[in-house]
Amino acid sequence: MKKEVCSLAFLKAVFAEFLATLIFVFFGLASALKWPSALPTILQIALAFGLAIGTLAQALGPVSGGHINPAITLALLVGNQISLLRAVFYVVAQLVGAIAGAGILYGLAPGNARGNLAVNSLNNNTTPGQAVVVEMILTFQLALCIFSSTDSRRTSPVGSPALSIGLSVTLGHLVGIYFTGCSMNPARSFGPAVVMNRFSPSHWVFWVGPIVGAAVAAILYFYLLFPNSLSLSERVAVVKGTYESEEDWEEQREERKKTMELTAH
């Protein structure tokens, strides 16, 4: 675990999550600013969030996995795909990035367009119970899309994972905005709420709904539909951050072999 945290690759990954969430929140919230000359449309906001997540998944996904969402990070932990320590660092980086992105937009947007900075709230007489279920469903489909399109075990063509994920986020917003403003991402809800100091009594909805929805998707995908053939000790090693796959061992063996050959010469 200590080895994982101290590695340069791990630090780069944590920074990538911070940066990606900052950019995602900035562009997403900016699309919802209420300019007096032209109010935003549902389609505009949905496309902005979808394009932002697709772009960032393509750009920074190779560095960190492109979670950009605490619900997805925690779901991958539930699915035994990442270590506990990585999950903690990622979630902290995402939340700080979301606050930074919302803060930058707050400083740049004029007061007459800023509004409430697109803080999530319950719309159209939606009850907290209804909102939780909606957020669960929206995030469930997003998480399934992410798990399937980025699964290295797939042998069938998957196309562009970034495009698929971006379209999934767009789909969620086209439906969810009418209910909750559409979160699907606790960081997206947390950032502007901190900057605007507007934590409504229903703020918990935007944590519980996405996290539960993504976790259910992880259980379904990684344990029922496409389970990993890992032993209990290997699963524990994944959580602890000490697991090394056969591919990792093979790469290390080849590196040692090359080093020995160079030393011999």
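Glycine too: its Cβ is placed from the backbone N, Cα and C atoms.
The N-linked glycosylation site annotation in Swiss-Prot covers N124. Summarising the annotation, Swiss-Prot assigns intramembrane segment to 66-74, 181-191. Annotation source Swiss-Prot lists topological domain 'Cytoplasmic' at 1-12, 61-65, 75-87, 148-158, 225-265. For 34-39, 109-126, 192-203, the entry in Swiss-Prot reads topological domain 'Extracellular', with the evidence type a curator's inference. Look at Swiss-Prot and you will find 13-33, 40-60, 88-108, 127-147, 159-179, 204-224 tagged as transmembrane segment.
Non-local neighbours of the intramembrane segment (66-74) in the same chain are 16-17, 20-21, 24, 53, 56-57, 60, 82, 87, 90-91, 94-95, 139, 142-143, 146, 162, 184-188, 210-211, 213-215; each lies 6+ residues outside the stretch with a CB under 8 Å from one of its CB atoms.
Sequence-distant contacts of the transmembrane segment (13-33) (same chain, six or more residues past either end, CB-CB distance under 8 Å): 40, 44-45, 47-49, 51-53, 56, 59-60, 63-69, 86, 89-90, 93-98, 100-102, 104-105, 109, 113-115, 117-118, 187-188, 191-192. Here the listed stretches are 127-147, 159-179, 204-224, and the one with the most C-beta pairs under 8 angstroms to the transmembrane segment (40-60) is 159-179. Taken residue by residue with DSSP, the residue listed as 'N-linked glycosylation site' is part of neither helix nor strand, so it is coil. According to DSSP, the secondary structure content of the topological domain 'Extracellular' (192-203) in residues is 5 helix, 0 strand, 7 coil.
With DSSP states grouped into helix (H, G, I), strand (E, B) and coil, the topological domain 'Cytoplasmic' (75-87) comes out at 8 helix, 0 strand, 5 coil. Per DSSP, the secondary structure of the topological domain 'Cytoplasmic' (148-158) breaks down as 2 helix, 0 strand, 9 coil. Residues 28-30, 32-36, 102, 134, 177-183, 188-189, 192-193, 195-196, 198, 200, 202-203, 205-206 of the same chain lie 6 or more positions beyond the ends of the topological domain 'Extracellular' (109-126) yet place their CB under 8 Å from a CB of it.
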